Amino acid sequence: MPPPVSQTTPALQIVGETLMIMHARMRPAILTVLFIFLLSTILLSLGLGAVTVAPLDTLAALGNMLGLTEAPGEVQVIIEQIRLPRTLMGLLVGVTLALTGAVMQGLFRNPLADPSLIGVSSGAALGAAVVIVLGGWLFSAMPDALLPYATVIGAFGGGVVTTLLVYRLGQTAQGTSVASMLLAGIAIAAISGALIGLLGYLADDRMLRTLTFWNMGSLGSASYPRVLALALCCALICWRLPRQARALNALLLGESEARHLGVDVERVKRELILLTALGVGACVAVAGLIGFVGLVVPHLIRLMLGVDHRLVLPGSMLLGGGLLLLADVVARLVIAPAELPIGILTALLGAPFFLILLLRSQRRGW
Amino acid sequence: MLAVRGLSCARGGCQVVAGIDFRLQAGEVLAVLGTNGAGKSTLLATLSGELPRAAGDILLADRPLESWAANQRAQRLAVLPQASSLAFAFSVEEVVLLGRLPHASGRDEDARIAAEVMHAADITHLRQRSYLALSGGERQRVHLARVLAQIWSNAEPACLLLDEPTASLDLAHQRLILQQARELAGRGNAVLLVLHDLNLAARYADRLLLLDRGGVSAVGTPWDVLKAERISQVFGVEVQVAPHPQLDCPLIIS
């Protein structure tokens, strides 16, 4: 072996490297903290609102549902009928949006990709709106119980079409161009907005209310059938996506590099696009447009855990669920007894964050 | 290790090179030379399966290239592209470990191999640094270590394709990298690399493949291929070829 060309190591660099090594050792601890954070936000979300329920009463009410403990009747009703479906929905939406955001950034090889920014959410909303307004006309005999599922399928269709469209439009040899990706997102959001507006003229009052609620996502409509529809999609996504973590790592190098590393790129890409569209579609169908979760959460996780998808994906799931529940608690409390749509809150917090990232990326030249 | 028969390569529906025949033996370093646009990178992309063949056959270890399963092939054929576009802050070690993706050799073995190839590419001191903080030459060495890791301790001989591995390297590291290519070949692997520097090619390659105007101008040992007349014909530059004062290879003086 030839002697390596020696180089001196500046002191500052040694400090930096020590920090990174410590960083690597702290990863299990960080994941544990994230898990505890998620559990506490679940308890907060169950306990806080117009009526405050103490954590022990909350646990008692949950135990009662399983037939283990006793709880006062009114507490039981609040937890079981109102808070639990809402908390579950917030949890599932947060987990799914953060996970799909992280995957999409890997797929597009661009840390600024986010379902809401590149138009996938808008496309999914259009798909869902078509089902809600025209569904009764297209399938006259559709029972109401199937509506959540039909809406999810419509949103999924809209999501797949837009993801493919944006992917095609933004693809260059150097990864995905931010400019074309965002411009495609603007165009798709405009088209979807216009078409949803158009559908508004065909809609009756009940549909109209559902349509407006999309423009500012909310967990207010949580119900067990919706939670179930979302849970089925979320389970599939949380099972399949983390299995592609290593392939996603390789994809970050570039598609041909990933192919040379033995990744079946076309198959992996197809699976990732379908699953992210399903996840975004399901979230949009039940909770409307909740933006920036998929952008902010994976970014924070990369700062904490590094960019390896084997850590980023589980980390994003934990932090995404926790942050969305926290945001929902704030949305419920800040103008109580009324409540703020959570989409407004995530946009208020997420959009400036995105601007900062965009400025930084211009300097680095993505 | 790699046999090419009557190969034609096309890019974007346009034929770039045709009629390529050569055999790359295990233990051999073959350098591909030619002017800009002679089709060197297209040939490499076709050999790596990235571009479809227009005509001809490519055999990797006596089996047609396209009959290999993706993962199996990655264990026997590693490719270093000219430039990579990684925009995420992996640490250097993490990038190198990506090269172990096709193998299920376990974490300890992977860490041992990563340490060895990082030493070989002289990036051990950068191990914990963010990839994004590196210079062009350092990045190139990181990717070289990554493809070395891919075939480092194989039981079966492997084939390594390098597209201008010395492009952004300083003099010392150019030599280091080519020396590594030689050692890899010395352990029974086959190395094919695209080079621009005729003297580096003459010094480190066993055989040269000179491409010119969509075809093969010459294949053979450096002494056979690097004739003054042929070089001036292909590259359009008058040169003199003399024996290297210390080594047994030609020295091109332009």
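Note that Cβ sites are derived from N, Cα and C of the backbone, with glycine treated the same way.
If you look up TrEMBL, you'll see A:29-56 (among others) marked as transmembrane segment. Taking Cβ pairs closer than 8 Å, the transmembrane segment (A:29-56) reaches residues 62, 75, 78-79, 82-84, 86-87, 90-91, 304-305, 311, 314-315, 318-319, 321-323, 325-326, 328-329, 332-333, 336-337 in its own chain, all 6 or more past its ends.
The transmembrane segment annotation in TrEMBL covers A:88-108 (among others).
Packing against the transmembrane segment (A:120-140) from elsewhere in the chain are residues 104, 147, 150-159, 161-163, 165-166, 185, 188-189, 191-193, 195-196, 199, 202-203, 207, 210-211, 214, 276-277, 280-281, 284-285, 288-289, 291: each is 6 or more residues past its ends and has a CB under 8 Å from a CB in it. Look at TrEMBL and you will find A:120-140 (among others) tagged as transmembrane segment.
Among the features that TrEMBL reports, transmembrane segment is placed at A:146-167 (among others).
According to TrEMBL, the feature transmembrane segment maps to A:179-203 (among others).
Under the heading transmembrane segment, TrEMBL lists A:223-241 (among others).
Residues annotated as transmembrane segment in TrEMBL: A:272-297 (among others).
The transmembrane segment annotation in TrEMBL covers A:317-335 (among others). Remote same-chain partners of the transmembrane segment (A:317-335), defined as residues 6 or more beyond its termini with a Cβ less than 8 Å from a stretch Cβ, comprise 31, 34-35, 37-38, 40-42, 44-45, 48-50, 86-87, 90-99, 101, 218-219, 238, 290, 293-294, 296-297, 300-301, 341-342, 344-346, 349.
What TrEMBL records for A:342-359 (among others) is transmembrane segment.
Each of A:88-108, A:179-203, A:223-241, A:272-297, A:342-359 was scored by its Cβ pairs under 8 Å to the transmembrane segment (A:146-167), and the highest score goes to A:272-297.
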